[in-house]
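Below you'll find the structure, written out as structure tokens, and then a few comments.
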Amino acid sequence: MEYLTNLKTNIMDKQLGHREVSEGSTQPKPDPSGATMKACVWDGPLNVKIAEVPKPTITHPKDVIVKTTACTICSGSDSHIFSGEMPGIEKGAILGHESCGIVAEKGDEVNNLEIGDRVVIAFDLACGQCSFCKRHEYAACDTTNDSKLMDVNYGSHHSAIFGYTKLLGDVPGCQAEYIRVPFAEINCCKLPDDIPDSEGLFMSDVLCTSLHACTLGEVKKGDTVAIWGMGPIGLYAGRWAQILGASKVIGIEVVPERIELARQKFGFTVIDRNEVSDVPKKIMELVSNGVDCAIEASGFRFSTSILHKVERAVGLETDSPDMITECLNAVRKYGHVSIIADYVGTSNQFPIGHVVMKHLTIRSGQCPCQNYFGYVIDNIRSGKIDPRWMVTNKIKFDDLPDAYNKLFYKEDGYVKVYCDMTE
């Protein structure tokens, strides 16, 4: 079913053509010398490989080329792409959207960065000049994503995202030796000398996105917060909630190693799905009337009901609503639901009545990382946030294909990898 959806998406993308983008092209020019580089590329469902691809060079005067020093795998969207469940990808696409590195080349119109600067790269690509960017709504940038198909599917388009299918601009990803970064002045954050790569890398997505989850949920001092999914985003959403003053953080998880991590390192109350069948009921036992904020950080692939497992299997829906339904049942009246996980299509039996009858506020969407860089740096420096807590495995670049499998199948305790590209 995923194969047919992906094929249809790619055909429609070609038929519709592409919008003009302000960076000139979402595809970088190859180095005129013919130089190549290593990159991790998609090779069909449940397959990635390391391949030699053309090295990028400056394509637009606002570009920089970053020599990658570290990258990682997103256990959410990268896993969805790896499995073939995220439509709009073709063999050979460079994966990844989380990286940091050193500026190796820069365009003539880049004024706030110099060759040799250490930078972390926002996963969402903004131009800095459109009406959305001027409102600091960078993840909605109107000029970096060339997909007409996204306009057809959703009525408008998202910003481009590195390594994230044709619907998000088909921009080559960050799991590569070199990365072309358009509009570098807004999309690169210079890393201070006291923030090493092992910490700064995770500003590219996890630390900013998890903070954004709390912003969407309007978490404040004294709140009770429940989080579905104890992957990196869920874990750090809980940590940010603690920093913001939450009185209780409840995590919901099924993988034993993640349950242990949430309890021991983060100090959450954890509901183990292996032991509890009715999660909302258990939450109501822990918090009278329900939590102030429910954060969904697990994603569209996860179903608890036979109905939605069958509907997804036969193509009657693309996204299971089971986790969101649990959120709606577990949150208090007038509470907040924050959907930070990936949802891309349609769901059946969505309980819209809960939203109205319980007076709920639901907010969602990708993170505008650029808004959070300064605050995250301050909290890393103070020691309130330690990105190293999530890293379960340190790997080399050639180990990425194996790490994709381990993360997707949740094997050997994999939660988050740190891929050192300096060795």
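Glycine too: its Cβ is placed from the backbone N, Cα and C atoms.
Annotated features in Swiss-Prot:
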REGION    14-36  region 'Disordered'
BINDING   Cys74, His97  Zn(2+) 1 binding site
BINDING   Cys127, Cys130, Cys133, Cys141  Zn(2+) 2 binding site
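Counting every protein chain shown, the Cβ of His97 (Zn(2+) 1 binding site) has 27 other Cβ atoms within 10 Å. Fewest other C-beta atoms within 10 angstroms, among the binding-site residues Cys74, Cys127, Cys130, Cys133, Cys141, are seen around Cys130.
Distance noted between the C-alpha atoms of Cys127 (Zn(2+) 2 binding site) and Cys74 (Zn(2+) 1 binding site) is 24 Å. Nearest by CA distance to His97 (Zn(2+) 1 binding site), out of the binding-site residues Cys130, Cys133, Cys141, is Cys141. Across the region 'Disordered' (14-36), DSSP assigns 3 helix, 4 strand, 16 coil. Looking at Cys74 (Zn(2+) 1 binding site) and Cys141 (Zn(2+) 2 binding site), their Cα atoms lie 22 Å from each other. Listed in chain order, the residues near the Zn(2+) 2 site other than Cys127, Cys130, Cys133, Cys141 are Ser22, Ala126, Gly128, Gln129, Ser131, Phe132, Lys134, Tyr138, Asp142, Thr143, Thr144, Ser159, each with its Cβ within 8 Å of the site Cβ centroid.
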